[in-house]
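For reference, the structure is listed below as structure tokens.
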Amino acid sequence: MSAAPKAAIALLILLALVPPAAAAIGDPFLTVIATRMAVFAIAALSLDLILGYGALVSFGHAAYLGLGAYAVAVCARHGITDLFLQMGAAALAAALFAAVSGAVSLRTRGIYFIMITLAFGQMAYFFFVSLSAYGGDDGTALAARSTLFGRAWLENDTAFFYMVLACLALAYGGLDRLVHARFGRVLTGTRESELRMRAIGYRPFRYRLAAYVLSGMICAVAGVLLANQTEYVSPAYMAWTRSGELIVMLLLGGVGTLAGAMAGALVTVGLEELLAGWSEHWRLCFGLILLAVVLWSPAGLTGLLRRLLAGGRR
Amino acid sequence: MTLLAVRDLRKSYGALAVTDGLSLDVAEGELHAIIGPNGAGKTTLIAQLSGQLAPDSGSVTFDGTDITRTDMASRVRAGLARSFQITTLMPAMTALENVALAVQGRSGSSFRFWRPVAAEAALNDQAMTCLAQVGLADRADRPAAAMSHGEKRQLELAVALACRPRLLLLDEPLAGTGPQEAERLVALLEALKGQVTMVLIEHDMAAVFALADRISVLVYGQIVASGGPEEIRQDPAVRAAYLGEEAC
Ligand SMILES: Nc1ncnc2c1ncn2[C@@H]1O[C@H](COP(=O)(O)OP(=O)(O)OP(=O)(O)O)[C@@H](O)[C@H]1O
Ligand SMILES: [Mg+2]
């Protein structure tokens, strides 16, 4: 096993140890933070598929978090409280939105792609802002967390955390298979050289669109979990700043490595909690840390780790 | 039998007619060299033959089918592959992965999400064969980005071969290779003759006259002469337009 899957599995194990550790030191809030970390790790993984492997810099990815979150609220209002049904509905909505927005935005490249994905993200944002039945601008509180097999098991924070962790492990495992399968190699090829791909007989558009749709569906699942974690849904989940934050997670962790996406999400959420408690100007500190990492190691934290490991072997 | 027929092809950039009413026939099995000074429009011609660029007018017929408006992917499927004058590879992928991706393009669906592609023996074996053909067998695991310029030129050719073309469009395959690599590639092209029809653009006149069955001379977007190597060597117009510069 190479270093990357080892690092990813180490992160998963580390997360799994948080609830017992939180119980030991009597700080249940740690589990809540770990839940947020795992939720955003799923979102970051989904973005890494298109941004890291496909070089498609989507600036509207938070829309899928929001779609997933609203799927919970809408389903719950219509009496569907089962987590898996809600995830299915969220994935379906995300697939439709991604298919339409992808079919348009993937005709463009570079800065145009960034702008069009941003525009679609903002469209989703303002759609939910105007949805007064669900609180409009303010959003709406959920009556309860989703159910599993008709039971309210997820009301327990620890049980909910392990549910989220299982989803993260599945997302990581599935994406790890995918990027190393035929599809992943083609997607990587379109990142490396579109012209070369066409010259050996591929039509990049269809692979990009498939990746774009899949990425949106996975992110919507993260949105379902996010809504459950906060027991609240609001358009703020799909603000463009949130899309930026997801990109920052990848930059911090290392673009184009799944372990890096996870690490980036963990560190970003962790730093947010840490710095926000310490100073109200935490965003400035966070910006400086990000700058330091990216300047020092363009491949992010995973690049740093790789260099350290290589250094140790020498 | 004519495999590739080009009729009255035209392409202009503003007032500059880069391809100016060009007609060309390439017979099945031959190695057809196209020579001409810098800026004559050779690469632009290849781009139109491969589908990278759409001509303003005229037609390209491959194996009896008009392909003037079909995209690159369909032309590759039909058996038309190319190499690039400016090396166009996947820098982060190894030599083997670069070639295996070309093999994969013609071996079943790429919408497979589960099985590790690196473990597909059929892809790797065919890719290794192509690498061995160009002399890169011992470089299979090296990332393209880490290869020497000459090795990249060899890999460029291996990728094109992996498409199993009926017609291979080669845009200056020898440019930038050392004498040893060039010798090896010339021997490879010699060996490929007869199996694959080739259009070869090359500035290395020794290689061109050694390899070509036919030579067409392209100047300012037009074919000014076409014939066997001896004919072209003797042609006064060619000597004046092109070979004259080379001779001194
Ligand atoms: N996209 C473009 N826009 C404008 N002019 C172009 C473009 N592409 C090529 N040209 C011009 O067309 C002419 C022919 O270019 P081309 O690359 O086909 O020449 P070439 O015969 O391959 O030359 P060389 O031997 O240097 O490779 C040149 O004058 C070039 O500047
Ligand atoms: Mg050229």
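Just so it is clear, glycine is given a Cβ too, placed from its N, Cα and C backbone atoms.
Copied from TrEMBL, the annotated features are:
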type	residues	note
SIGNAL	A:1-23	signal peptide
TRANSMEM	A:33-55	transmembrane segment
TRANSMEM	A:62-80	transmembrane segment
TRANSMEM	A:86-104	transmembrane segment
TRANSMEM	A:111-134	transmembrane segment
TRANSMEM	A:159-175	transmembrane segment
TRANSMEM	A:205-226	transmembrane segment
TRANSMEM	A:246-269	transmembrane segment
TRANSMEM	A:281-299	transmembrane segment
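A contact links the transmembrane segment (A:33-55) to the transmembrane segment (A:205-226), because at least 3 Cβ pairs that are 6 or more residues apart lie under 8 A. Taking every recorded stretch in A:62-80, A:111-134, A:159-175, A:205-226 and counting its Cβ pairs under 8 Å to the transmembrane segment (A:86-104), the highest total belongs to A:205-226. For the transmembrane segment (A:111-134), the residues of the chain that approach it from at least six positions outside its boundaries are 56-63, 66-67, 70, 73-74, 97, 101, 104-105, 140, 233, 235, 238-240, 243, judged by C-beta separation under 8 angstroms. For the transmembrane segment (A:281-299), the most Cβ-contacting stretch among A:62-80, A:159-175, A:205-226, A:246-269 is A:246-269 (pairs under 8 Å). The list of residues near the transmembrane segment (A:62-80) in space but at least 6 beyond its ends in sequence, with Cβ under 8 angstroms from a Cβ of it, reads 43, 46, 86-87, 89-90, 93-94, 97-98, 120-121, 124-125, 128, 134, 140, 142-144, 146, 215-217, 219-228, 233-235, 237-240, 242-243, 245-246.
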